[in-house]
Amino acid sequence: MAAYKLVLIRHGESAWNLENRFSGWYDADLSPAGHEEAKRGGQALRDAGYEFDICFTSVQKRAIRTLWTVLDAIDQMWLPVVRTWRLNERHYGGLTGLNKAETAAKHGEAQVKIWRRSYDVPPPPMEPDHPFYSNISKDRRYADLTEDQLPSCESLKDTIARALPFWNEEIVPQIKEGKRVLIAAHGNSLRGIVKHLEGLSEEAIMELNLPTGIPIVYELDKNLKPIKPMQFLGDEETVRKAMEAVAAQGKAKK
């Protein structure tokens, strides 16, 4: 018997996902298709009768708007929402804004996969002359971050290292109080939570593809260990296609 339930949702497709560009900390909004994905995710939660007590998200609008859309669909827009940079997407450094397929053609698919999916290899850092440096590093939403906290690039390991303290200190106590928690975030920050929950190896987490806009349900025991595999709310075909689309992002176009 599950002691707790936890629901995660990766934001719907963003405008830069649509253009196959590395988004990272750039504040790309949802594409029209991404907005529809978020609506369908919300409808799936509504149809399954889910209610929540508190929500967590990043400070990036694609995740925030996904959460808004879900809360609208389930008619729970009044719920408290905690936003934190610690749930932001991984910072892709110097790759930010580059088209993934073009980068794969230039550097090779293997190198792009290492940058995207290796556990501890960061991409090249974002230098001050990068076209999006000021847009990100000087943004006032990050004004309270120390120099050590504000990244110029991150590996998956780095992303998990800044997300997990928030999970342990802020989210876990809410779950243990019996609060029904919804987290709307990003592929890599959510991957960190999944790795922690399931005790996955570095190799396994590299291959994990979380689909956009599809609610992921965990049933947890009193020690917050999953009692069954993650469950996707949505029809099987939609889930399969979404996961394949995520896996295809770093491949060069033929």
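Counting begins at 1 with the first residue displayed.
Any Cβ shown, glycine's included, is placed from N, Cα and C.
Keep in mind the model is a prediction, meaning the values are calculated, not measured.
Comparing Tyr26, Tyr119, Tyr218 with the features listed in Swiss-Prot, the residue bearing the annotation phosphotyrosine is Tyr26. Of the candidates Ser14, Ser58, Ser155, Ser201, Swiss-Prot marks one as phosphoserine, and that one is Ser14.
For the residues Ser23, Ser189, Swiss-Prot attaches the annotation phosphoserine to Ser23, which does not rule out the feature elsewhere. Ranking the recorded positions Arg10, His11, Lys100, Lys106, His186 by how many other Cβ atoms lie within 10 angstroms of each Cβ puts Lys106 at the bottom. Nearest to Glu13 (substrate binding site) in space, judged by Cα atoms and limited to the recorded positions Ser31, Glu89, Ser118, is Ser31. For the binding-site residues Gly24, Gly187, the greatest number of Cβ atoms within 10 Å around a candidate Cβ is found at Gly24. Rounded to a whole number, the C-alpha distance linking His186 (site 'Transition state stabilizer') with Trp16 (substrate binding site) is 13 angstrom. Shown in sequence order, Trp16, Thr96, Gly97, Phe132, Asn135, Ile136 are the residues of the chain, 6+ apart in sequence, with a C-beta less than 8 angstroms from the C-beta of Tyr26 (phosphotyrosine). In the three-state DSSP assignment, the secondary structure recorded for Arg10 (substrate binding site) is strand.
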